[in-house]
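Quick notes on the structure that follows.
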């Protein structure tokens, strides 16, 4: 995750802002600079290489002292930064909005995936600039629309029906912020259209999840799509979701946290996110992840008869 201010800076033109991507040498200069505490939140002028991000975001970049940040010296950083600017320059951002826009915390991997979709000649985003920019504005939290299948970050499609598409995420292959754990396996489920879903299509998805992905929990980050993750990584997701939720609220980016369909979401995660929305502390919310929940009445009782036993997946074992 990183703030949009890690990729670009605003330049006032008439009554609105134009966004300009950072270059890697300016960032490198900022990372070595000694800056007064009072100036930590201001864009840094490297004198030679132009404007750099505010020093308060140093930890967002990969250095000798911090291996968890972005690989900002890669060509992928330039591509992501330019794509972000392209999207922001397609809308009007005024002086009253600019701080809020740049403070938004976004998924770096999501943005890299959109670059990969853009470069894929077989992908609809390669052919439609309008859809591409729409996808980026959704990814950076500027649009109130949810991420649907057409505007999704992408990956490898492993399941699809009339209402849902399930993607295997390809973060292991990323350049900007790759997942280093070779055992990483995670999925995302997007709705094909933002409209009510037929019960039969929900039933098809739940049957697929129950039989093929029975070692995984279905959760949500509140953005209108589902994530299918290993139970061992749920606590880590909880920390990230809670931190992003609090950060967005603090910065005035009050986006509605979408709890999604309770029939699909893992019961404990639904309890965690509901508690978070009520304003409880992280410790109080996380306790709900490890409590034994009373089973809800199952609207799809007898669903297991839809599949034969030899279809049970070994994914995640």
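From the backbone N, Cα and C atoms, a Cβ is placed for every residue, glycine too.
Because the structure is a prediction, the values reported are computed rather than measured.
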If Swiss-Prot says 107, 108, 109, 221, 222, 223, 227 bind ATP, which of 79, 134, 188, 195 does it name for the same site?
188
Labelled region 'RNA-binding' by Swiss-Prot, one stretch among 205-241, 242-278. Can you tell me which?
205-241
Its residues classified by DSSP, the region 'RNA-binding' (205-241) shows 19 helix, 10 strand, 8 coil
For residue 223 (ATP binding site), which residues of its chain lie six or more apart in sequence with Cβ-Cβ distance below 8 Å?
146, 147, 255, 258
In whole Å, how far does the CA atom of residue 225 (active site, for NTPase and RTPase activities) lie from that of residue 188 (ATP binding site)?
7
Of all the binding-site residues given, 188, 221, 227, which has the fewest Cβ neighbours within 10 Å once its own Cβ is left out?
221
Over the span of the region 'RNA-binding' (205-241), how high is the average pLDDT in this prediction?
96
